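**Student:** Sending over a structure as structure tokens; questions will come in a sec.
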Amino acid sequence: MGFNFIPLLLFLPLLSITILSGFEQTLASDNTLIVNTNYRNSTEDGGMSSLRGKKQRSGCNLFQGRWVFDASYPFYDSSSCPFIDGEFDCLKFGRPDKQFLKYSWQPESCTIPRFDGAAFLRRWRGKRVMFVGDSLSLNMWESLGCMIHASVPKAKTTLVKRTPLSTITFQEYGVTLYLYRTPYIVDISKEKVGRVLNLGAIEGGANAWKNMDVLVFNSWHWWTHKGQSQGWDFIRDGSSLVRDMNRLDAFYKGLTTWGRWVDQNVDTTKTKVFFQGISPTHYEGREWNEPRKSCNGQMQPLDGSNYPSGQPPSAGVVSKVLSSMKKRVFLLDITTLSQLRKDAHPSTYGGDGGNDCSHWCLPGLPDTWNQLLYAALSM
């Protein structure tokens with residue numbers, strides 16, 4: 001039986017991040033983070049430890065808003081950042097329009113702090129930040145490296161790219177940004193029958209994730225792949241070995257294994273844990289009422305705050321798993337705001353000759369994801 005999708009609103013308490021102007025920051029009883037807009041007076045633990053108070057009606061959801069033109073963007077020049085892969089460097093590969101660089105995310109009734117890379121390095125001196133997931137994690141990891149580098153361009157850095165673990169280190173500050181590539185988070189093992197995706201095992205990289213100061217997990221992109229791009233030959237589901245199954249069911253079971261691992265292995269009083277929301281694709285223009293189009297040739301975001309086709313069912317899976325966990329994991333709910341950015345993909349300017357409507361140009365949308373992460377960690 002396939003996964004029965006239930007609307008996000010039914011999964012309460014939801015794990016979301018909100019800003020509340022004029023109140024002390026507090027983690028409300030429904031696990032909604034309510035934070036003070038007085039950033040300079042925020043607590044040393046990133047504003048996530050207090051456990052008093054209740055959710056305030058005047059709270060502002062960071063992830064509900066619209067895109068506005070902002071001449072002060074982007075945060076950096078791609079030609080001056082040493083960390084960008086060609087697949088994300090749209091300007092290098094000839095993208096002629098630059099308006100897509102000039103949009104900032106504006107929540108409905110609050111503002112978010114502008115990213116300050118030097119402040120980030122001072123605050124997180126000697127700390128370790130790790131992104132765990134697929135190429136969307138790579139997108140976000142490179143973006144954060146570029147954003148910080150633009151603030152301290154003369155700082156000594158070390159870049160090491162390996163599989164599965166890569167690092168960017170800002171040496172004088174002792175801050176290291178890690179990337180652990182694991183598209184399904186759960187294990188893929190080589191067995192006699194071939195590559196087996198084990199929905200109940202998470203031993204492959206889990207030891208590398210321990211003792212981090214910040215963890216940002218992401219998965220979904222590869223769960224939909226079939227044919228030659230599929231990363232496995234069989235799925236192990238408990239005692240069963242099957243050739244295939246409903247992909248939402250598989251994602252739910254795999255993510256439940258991840259949630260159990262976090263509950264058992266991560267001390268969330270020492271490690272801030274985020275799940276990066278589902279990053280959308282824009283191959284099907286019918287989703288925004290342009291059925292003959294894709295991301296190719298798109299030059300501006302959609303107006304308004306809502307995506308015509310709504311959130312994908314995979315977002316409901318994430319919400320269900322997070323709401324069932326014992327440990328506090330915060331949802332960086334970038335899905336809807338990213339759905340509105342049909343203009344922000346590499347499309348034909350990713351250097352490989354294809355039409356990439358899955359990843360994102362740098363500079364670009366992942367910079368906003370990191371600005372929201374920075375807001376959550378700074379306030």
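Glycine residues also receive a Cβ, built from the backbone N, Cα and C atoms like all the rest.
These came from TrEMBL, pasted as-is:
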- 59-110: domain 'Trichome birefringence-like N-terminal' (DOMAIN)
- 112-375: domain 'Trichome birefringence-like C-terminal' (DOMAIN)
- 1-28: signal peptide (SIGNAL)
**Student:** By DSSP, how many residues in the domain 'Trichome birefringence-like N-terminal' (59-110) are helix, how many strand, and how many coil?
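**Tutor:** Helix, strand and coil residues of the domain 'Trichome birefringence-like N-terminal' (59-110) number 9 helix, 12 strand, 31 coil.
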**Student:** I'm checking region-level scores; what's the whole-number mean pLDDT for the domain 'Trichome birefringence-like N-terminal' (59-110)?
**Tutor:** 94
